[in-house]
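Enquirer: Here's a structure for you.
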């Protein structure tokens, strides 16, 4: 089903943030920080994979993703949708179905046997590929998949993350010649927390300290204090 409605961006961001709270996908633990794929320590973590277990929410989020892409990228800009191992794969399948496009998936590394393939599915050379991930912090993991697709002859000018941490600029994407699309950020989640009083004052203060200076917070709490972008 092709998307034909285009909700306001702020409404989509707020609703996704509320959905994440509703399904208990927002986690906080400053005493034992979460380790992100970037190596950063974080007092907060979003489990976007939980979205898959709630059909009404899952469908709405795919509506939001399709709306975002069609409005901001265009209706005929992609030949296929790619999901990265592992969290991006189910979302790629859902979005490809929503946009009536083929789907491929990309392994973190070649599987080491058989065809030794890193990309699974049909991707003719020159295909314009959209890469989707459930979330991204600074783009490091997404670019592993983008680089593999480009090496195999695909063209990647766009990526989408359902949730973007929003704590860094998008320089990595600009440098890699990829436009990043996203629906919500931590600021949206925090706004809902304040509105509905879901965090106490101490927790709010700790989360805001992280969002305002993420690498400094990470370095003080056992994570990396700089990123290679």
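Even glycines carry a Cβ here, placed using N, Cα and C.
Copying in the features that Swiss-Prot gives for the protein in this structure:
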BINDING   107, 108, 111, 113, 133, 134, 135, 136, 137, 138, 139, 140, 141  5-phospho-alpha-D-ribose 1-diphosphate binding site
BINDING   137  orotate binding site
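Provide an account of the burial state, proximal residues and distances for the features listed.
Expert: Residues near residue 111 (5-phospho-alpha-D-ribose 1-diphosphate binding site) in space but far in sequence (CB under 8 A, at least 6 apart, same chain), listed by position: 117, 118.
Within its own chain, residue 137 (5-phospho-alpha-D-ribose 1-diphosphate binding site) has 36, 37, 38, 40, 165, 167, 168 as residues 6 or more apart in sequence whose C-beta sits under 8 angstroms from its own.
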